[in-house]
Amino acid sequence: MGNWIINHGLSAFILVVWMGINIFLFVYYYLFYDLGDRFFYTRHLLGSALAWARAPAAVLNFNCLLILLPVCRNLLSLVRGSFMCCGRSMRKQLDKNLTFHKLVAYMIGLMTAVHTIAHLFNVEWYNNSRQGLYDNLSTTLSSLEDDEDDNETYLNPIRSTSITPTYFAFTTIAGLTGVIITLALILIITSSMEVIRRSYFEVFWYTHHLFIIFFAGLVFHGAGRIVRGQVATDPPHNFTVCKDRPLDWGKIPECPIPQFAGGFPQTWMWVIGPMVLYLCERVLRFIRYMQTVRYRKIVIHPSKVLELQLEKAGFKMEVGQYVFMNCPAISQLEWHPFTMTSAPEEDFFSVHIRSVGDWTQKLIDILEQLPEGAQGPKMAVDGPFGTASEDVFDYEVSMLIGCGIGVTPFASILKSIWYKFKESNPKLHTRKIYFYWLCRETHAFEWFADLLQVLEKEMEERGMADFLTYKLYLTGWDHSHAAHVMVHFDKDTDIVTGLRQKTHYGRPNWDKEFEQVRKENPTSVVGTFLCGPESLAKTLENKCVKFSDVDPRKTKFYFNKENF
């Protein structure tokens, strides 16, 4: 239990607080509308569906306030980088911004479904009351009109017996905006499924921008004020006395005609702040879009990996950070995240891009056709943005695990280490790094092996060969490859990478690796950093819990994952 608290305690606390606020809002507003005297006559027409519609609306307001904040990346980077008072555990929560974004989205989807279904019942019952299908009280309430001469205000928003529920849904502010909001949300959620994001990123990207329509509809949705409650009159209308005498309303002093009014729209007050923050994000992105980016070097490596070395005035980065890139020649609107592989000590920044979709393949095709030494198409860069890898030098021992192209943030880290050693930087407190790279094919190792060779040589010359322990794992291989390896097994260097450290075949035994790290660092805090798939993240997260010691004087593992 103590190990679990070390790695998940603060995350669980934040989740409990968020869920607690949601439950409180739901219960409070459910009871407010289900028991409140002001809504007695409204409940008579609608029953419990009134409370089932209004309680989710309150939860929706709260979560629509939150949904944009996790994607305000400049704000998160400011909090992460500028406020160093944030402890390690607190900064880890900022790296789970997309996880929280998804949780909030699930809550919005659930509450929208409940809210919509309840209002479908409400409209049907409003219509039935207007048709006179229920008791005298319902018919009298539905017959009230907006008439200043007769001192009447309406309760039932369906004003005519000829109006159908479908017509009402598409001709009122609340109904029409509700339909638009729901359709936009369905498209956003369905296109956010992992299979769509992985295979059809452009579909995900464009449909996600329906959030603009969603928020615009949300702001105006409450302006229809279709849910109305009783307001105070002089003399007062006491429903406990008058509910059974609707035909005497306005004829006897103790039962004046009840007055009704819709509540003031509140949703805009919940979402205006996050909307302004997000607008500032987009303005900043536009400013960065207009800034000039120069190509310093373009290299196309084997296995369809493109290396871009770029220059931009005033650009400053930290290790492991990422940028969003836009190429107007391919798409004016699409921005894609890429981790930088350069070090802060270099006078340029670089990214390595693997061909995994239409956008990346089009970019590679354009650059392959360029003449030698030519500048590429206009490239816009937004960022840099902070990630978990920024904290790597805060740990005295770090485990770095990259999968395929997921090695990119660690290229930046290892390059920075090389520069720090070269300059004898006294600020380098890290004393040991374990690096694991898992790849499916041999070609994927080629572009990164040169950096490891340089580091290998540098550490040996400085008598610090033990500073960096790295293990490369080839997860995709066949028997012919294995036979070739066996023939050259006695060579000093690996036949795949040319490094002294031989390539391993298969997948790591993580229990064995964590046990070794714990044994070699019995009193250290170990930062475990992953840039790879969610399945491996769950495995490593469990290992961090399993091998952490509750005793503060012994080894503890903190798990960190890259999220874009």
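Every residue, even glycine, has its Cβ placed from backbone N, Cα and C.
Pulled from TrEMBL, these are the features on record:
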{"type": "DOMAIN", "residues": "285-391", "note": "domain 'FAD-binding FR-type'"}
{"type": "TRANSMEM", "residues": "12-31", "note": "transmembrane segment"}
{"type": "TRANSMEM", "residues": "51-79", "note": "transmembrane segment"}
{"type": "TRANSMEM", "residues": "100-121", "note": "transmembrane segment"}
{"type": "TRANSMEM", "residues": "167-191", "note": "transmembrane segment"}
{"type": "TRANSMEM", "residues": "203-223", "note": "transmembrane segment"}
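The domain 'FAD-binding FR-type' (285-391) scores a mean pLDDT of 86 in the predicted structure.
Same-chain residues lying 6 or more positions outside the transmembrane segment (203-223) and placing a CB less than 8 Å from one of its CB atoms are 64, 173-174, 177-178, 180-181, 184-185, 187-188, 191-192, 196-197, 263, 265-268, 271, 275, 333-334.
The helix, strand and coil residue counts that DSSP assigns across the domain 'FAD-binding FR-type' (285-391) are 21 helix, 37 strand, 49 coil. Remote same-chain partners of the transmembrane segment (12-31), defined as residues 6 or more beyond its termini with a Cβ less than 8 Å from a stretch Cβ, comprise 51-52, 54-59, 62-63, 66, 93, 103, 107.
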